[in-house]
């Protein structure tokens, strides 16, 4: 047995059955030796305190966890393999129940959720069953199904605390109040059995399948879809789905509906339905084939968006504003699918394949939207699209530097008084951010120094030729003297920066992943609880993940095309600054899956990954996305130039400086997170009241 508080703390982290990160762990476990449950007390040294020990159920999951700490790899919170059933908590196990288990104590049945079910679904479902029962009684041959519908009307009015079971068809001489059936009322109809159950039964079944079953399938299907979309009411969806696929297809004389009693002996038969609660708030954790239920529910939105966008070309069914909103919302589940596919491929492949996949598809969401917007602006000869892209790039940079880590600090700080993170790895990201921001805005600063200030309109406010003038729409002209300044000086500088930034990114990868990988102090422990050595059962194989990745990218391109197609009326008719639209909606909506991942990491006291999520996105914006857009303009001329407005320059530089100051000591709390979030909202207010770019 382990003794000593420090040793017990290490053992608790190493034997963490959740497969999550422990902030401390003992590095002295020998990776090639036999698994140990706990190190001896004298082996726990101070060097263990600075290291990070990861525990996982299998090798694939361990690779995914390790990839989360690699610079340039997409951070993914969810599992890419099936978790062992015995490792899950009782709360999670209940989420995947088929509602066919009788519990000793299901708790009170009169709850807010159950009453809400009665008001939304129960009363009209019960009424429909009564009407179907009347129809089946009128057919005479369908009378057994009429009896069934009559009893199911009472069940679906309030199904909580009741059970539907199959029972053996009793012999005719059996007493109707047999203790086997428990309930005399239930037994009176459960034991009804036709003696001549030949052709007459088949005719009754045909009448049921033609008159009763289709109507009930439609009703249950409507309730099932509605309850599934609400997520917290998924138990109601399961109840109705099981009714369609199993309950209503069984012979009526084999079914028994009864109310559960604490002292009652259960029937010897298959439990068809047994539900206690209509709502369960923990269903936000529910997954389908490894996919979170929110991403599954938003997938039909993508299909609706594509159909409306490409079929209703003349906006007869919906307006451009609705199509733009749908296209933007559709990007969120597609970003989730792309992230899941990248994590699955990387976890099942070697380092080289994972690095290539992350570098190729890591920024595909943002680049797809930016490139389609630039192409549309070039075709229409409208430079406003280029300004929108610049605003979105700046908004992503500022949001990932201030809002993402700040929000994670606030939410994580509510649960943990003080959170620590790896200051050395954060320092590498900060250095790359300083370098990238300086490189991206170097052409802008160059144009401010050597450009010619041109104003569109000036007024003499003193009526004196030598007095003061008030000028509007002033900008630095780089195209004067036949564009000599731009083509001879600014453009070569832009191309030089666009080549140096990706090179610096590759050097950062080589530094953090090869020569100085010890910065992260990652150790994959082979210590598990007894019996926890499982083989990996992946949700998505490499080929399946690759197919989903390609399809999601194609759908992303289509949604980005629809968003840029229908953004023109919004930019034209909106009274809000186009700067504000770019730095908020267009910049942060595609990053929502990453923000959710960061919050989940912070809640588990793993702030290092929450910070790395924002930093990696910001670095990729400057060192990959912007150079790719610049190089794209070489092959497809657009209005995009690497010259930003003063507001973008000041906001970006101030954000990077503030972030570096906050991250100096390697620890933080909710107050520092609040500072970052408040500064972000102040910058949003500046963008909100700022005038739109000239000519837009």
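Quick reminder: no glycine exception, Cβ is built from N, Cα and C everywhere.
Small disclaimer: the values here were computed from a predicted structure and weren't measured.
Looking up the ranges 248-270, 317-339, 455-477 in TrEMBL, the one annotated as transmembrane segment turns out to be 317-339. Residue ranges 43-66, 67-90, 91-114, 115-138 are listed, and TrEMBL annotates 115-138 among them as transmembrane segment. Checking TrEMBL for transmembrane segment across the ranges 586-606, 670-690 points to 670-690. Residues of the same chain lying 6 or more positions beyond the ends of the transmembrane segment (115-138) and with a Cβ under 8 Å from any Cβ of it are 145-150, 152-154, 156-159, 207-208, 211-212, 215-216, 219-220, 223, 226-227, 233, 236, 278-279.
Taking every recorded stretch in 206-232, 351-372, 493-513, 545-564, 670-690 and counting its Cβ pairs under 8 Å to the transmembrane segment (317-339), the highest total belongs to 545-564. Sequence-distant contacts of the transmembrane segment (351-372) (same chain, at least 6 residues past either end, Cβ-Cβ under 8 Å): 67, 72-74, 331, 334-335, 338, 341-342, 345, 389, 392-393, 396, 509, 513, 549, 553, 556-557, 560-561, 563-564, 586, 590, 620-621, 624-625, 628-629, 632.
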